[in-house]
Amino acid sequence: MISLIAALAVDRVIGMENAMPWNLPADLAWFKRNTLNKPVVMGRHTWESIGRPLPGRKNIVISSKPGTDDRVQWVKSVDEAIAACGDEPEIMVIGGGRVYEQFLPKAQKLYLTHIDAEVEGDTHFPDYEPDDWESVFSEFHDADAQNSHSYCFEILERR
């Protein structure tokens, strides 16, 4: 199964200048909980923004340019990334925008954090047809001392 996991603000903004324009430790914990012990697939820009392999996960980076860091597996295409995951029950696609766009048609599940924030962004989550997805989990949280904005965790499964 292919799943996408993303945090998105109003207008589907997911990033600005290779970073997330908000501070939500709760979302980082949600991300870790849902990706741990699963292969994670990302584009080169996402890899560069993280700067290190995510522990407890097989890290696969899609890039047209050969990678030099042997702590991750470098592939050139979506199909190579899927093949690199072998028979893993769930592949977690973690970004960025172009990689989400390439995997969305193949995805069976979306793990989304909807952030109640209007922020400038240069990277967006792809537009998806809501009627194609069923919400199977939703959990709202108000902003607090640690989390800069209100947010809602949601899991969608393809109908």
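Numbering starts at 1 and runs along the chain as it is shown here.
Glycine is treated like the rest: Cβ placed from N, Cα and C.
Annotated features in Swiss-Prot:
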- 1-158: domain 'DHFR' (DOMAIN)
- Ile5, Asp27, Arg52, Arg57, Thr113: substrate binding site (BINDING)
- Ala7, 13-19, 45-46, 63-64, Lys76, 95-102: NADP(+) binding site (BINDING)
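Feature map: annotations from Swiss-Prot on the structure.
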residue	record	Cβ within 10 Å
Ile5	substrate binding site	22
Gly15	NADP(+) binding site	24
Asn18	NADP(+) binding site	13
Asp27	substrate binding site	21
Thr46	NADP(+) binding site	24
Arg52	substrate binding site	10
Arg57	substrate binding site	16
Lys76	NADP(+) binding site	12
Gly97	NADP(+) binding site	21
Tyr100	NADP(+) binding site	27
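Here Lys76 (NADP(+) binding site) is compared against the binding-site residues Ile5, Asp27, Thr113, and the shortest C-alpha distance is to Ile5.
Comment: substrate site residues Ile5, Asp27, Arg52, Arg57, Thr113; largest CA to CA distance 23 Å, whole number. Around the Cβ of Ala7 (NADP(+) binding site), the number of neighbouring Cβ atoms within 10 Å comes to 23.
Classification of Ala7 (NADP(+) binding site) by DSSP places it within a strand. In this structure the C-alpha atoms belonging to Thr113 (substrate binding site) and Gly15 (NADP(+) binding site) are separated by 13 Å. In space, Arg52 is the closest of the binding-site residues Ile5, Asp27, Arg52, Arg57 to Asn18 (NADP(+) binding site), judged by Cα positions. Using CA atoms as reference points, the binding-site residues Asp27, Arg52, Arg57 were checked against Ala7 (NADP(+) binding site), and the closest is Asp27. Checking each of the binding-site residues Ile5, Asp27, Arg52, Arg57 against Thr46 (NADP(+) binding site) by C-alpha distance, the shortest gap belongs to Arg52. Between the C-alpha atoms of Ile5 (substrate binding site) and Tyr100 (NADP(+) binding site), the distance comes to 9 Å. A separation of roughly 18 Å, to the nearest angstrom, links the Cα atoms of Arg52 (substrate binding site) and Gly15 (NADP(+) binding site).
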